[in-house]
Amino acid sequence: MTGSVWAIVPAAGRGTRFGGAVPKQYLHAAGQPLMAYTLAALAAHPAVAGIVVAIAPDDADWPGWTAVHAKPVLTCVGGATRAASVLAGLLALPDGVRADDFVLVHDAARPNLALADLDRLLEIGRGDPVGAILAAPVRDTLKRAGDDGGIDGTEPRERLWRALTPQLFRRHQLIRGLTEASAAGVDVTDEAMAIERLGLRPLLVEGAEDNFKVTTPADLARFEFELANRDRGGASREAERSAMPSAATSVFSGARSAASGSEEV
């Protein structure tokens with residue numbers, strides 16, 4: 001299936017695991033905020049028409065980007081939860097986005113998305129009536145813990161997958177799923193959960209294990225290590241990420257450079 005899609009990035013959260021005042025999506029790696037890599041990875045795909053970023057109402061860290069790779073970047077005020085921020089983003093999409101159009105949702109702090117994974121998700125997901133998510137099969141042995149910290153059992157892993165992002169769904173179905181979950185007091189932890197509550201079955205599209213979410217200092221160090229290897233030409237997927245920003249060059253416009261403080265053009 002051809003045609004363009006818009007992406008939504010919920011970025012109103014203020015994770016506390018790092019212990020600092022700066023939300024994790026704005027922490028720097030190689031001179032750029034994590035979210036710069038996230039947005040650049042999305043906008044690098046030719047099918048992505050633009051991005052809506054849901055930010056906190058008092059967000060003083062948002063760099064004011066208006067475009068990336070010449071794709072428009074819009075903002076809206078997010079909510080107190082991820083689901084509320086995604087819903088706000090869905091409602092803030094431009095007038096030309098129709099109810100049955102597919103929309104991507106991607107974590108702000110998941111900066112290591114490969115173009116090949118996004119391409120495969122769009123190809124498979126847009127060929128399905130419901131949509132699809134990137135996911136990774138569980139490869140570790142899973143233990144069920146008891147209240148005392150002991151092992152109560154071993155869980156079969158053969159049909160278990162870890163949900164990743166982006167996730168791809170039709171706009172009207174995701175609005176309905178998130179709205180109904182909120183009305184029922186259900187805290188959905190990803191968009192697929194909201195779709196599942198409607199009785200729909202999204203597809204699982206296997207994605208790379210290194211499409212990880214940065215939630216701890218160790219995750220940030222891992223991403224910085226991968227960036228360093230990429231700069232030395234040692235990353236196997238370097239060519240896929242040639243459109244990523246760096247401290248010396250930016251693909252953004254409408255904001256000050258994270259590296260130099262100069263105005264982007």
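Using the three backbone atoms N, Cα and C, a Cβ is placed for every residue, glycine included.
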The annotated region 'Disordered' range in Swiss-Prot, which must be one of 196-230, 231-265: 231-265
Arg157 (site 'Positions MEP for the nucleophilic attack'), number of other Cβ atoms within 10 Å: 13
Cβ-Cβ neighbours of Lys24 (site 'Transition state stabilizer') (radius 10 Å): 25
Close in space, distant in sequence - Lys213 (site 'Positions MEP for the nucleophilic attack'), Cβ under 8 Å, 6 or more apart: Asp107, Ala109, Arg110, Asp219
